Amino acid sequence: MSKPKPFPAITGSCVCNTVRYRLLTSPLYCYACHCADCQKSSGGAFGWFLNIEAYNISIISPTHPVIVAREKKPGALDRHMECPKCKTELWSNNVLGTAICSIRVGTLDFPSLMEPDVHSYVGSKVEWIKLPEGAKTTEKEVNHKELWPKSSLKRLEICMARVAETTRKKQAALAEPQEGTTGGGGEGDAEGTGGEGEKTPTAVEFEDKDAEDDEAFEKRFKETEKALQERLEKLSLKLEEEEVTKKARELTL
Ligand SMILES: [Zn+2]
Ligand SMILES: [Zn+2]
């Protein structure tokens, strides 16, 4: 079995560079949303996001982002992480709950590494934006069950199973407090992302996966590896190109 290659250093930051982060693996999905809400909240032509598990974002700066939750319009709670200094929004949570983040792609150091897998709400797309030929589009929101690649759906399942397991452990610890221990200690979550252990609607769906034995888990994980590796190689190539272009730019300055 070949050793998995280390994931290329895909990093990002806020505008003032106080909060810096790194992705520990390739994203689950990337999309551009042309809905009116994304246009208003970004002040731009569309919202551009990539989904990744909270525990696959590592904060590499001494300052961590802060969680901000506000009701932007009735019934629509926006929960995002932002730089405490310059207030740049780095990522938010969507219908999948707090364990999955929607990173704002523009906060990556090399945003052009990412290309939308789909363009959603194309009905409200500004007219002067011409989508690349053959680009996948949808009139509605991104339905992950229909659109995400199989490998990403498997990762989502693993992530949700972990959330359910952490929740179960926390509840068990709360049910029988003993020897002065406090419940919790979520394993594996990236610090400061707040993605651990909170009960999400989707977590319930996956609770029966708790029973899965290590061997089956290992097998499913291996299956996702190949698909990931392909995505990873594509990203590495693009990253190298970006760095060469950057160097060339620096030399001509
Ligand atoms: Zn949108
Ligand atoms: Zn900042």
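Here, residue 1 is simply the first one shown, and the rest follow in order.
Glycine is no exception: its Cβ is also placed from the backbone N, Cα and C atoms.
All annotation found in TrEMBL is predicted automatically rather than curated by experts.
According to TrEMBL, the compositional bias 'Gly residues' annotation covers 181-195.
Here TrEMBL flags 205-216 as compositional bias 'Acidic residues'.
Per TrEMBL, the feature domain 'CENP-V/GFA' maps to 10-122. The average pLDDT for the domain 'CENP-V/GFA' (10-122) in the predicted structure is 94.
The feature region 'Disordered' is assigned by TrEMBL to 168-218 (among others).
Per TrEMBL, region 'Disordered' is recorded for 233-253 (among others).
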Who are the long-range neighbours of the region 'Disordered' (233-253) in its own chain, taking Cβ under 8 Å and residues 6 or more past its ends?
5, 8-10, 26, 110, 112-113
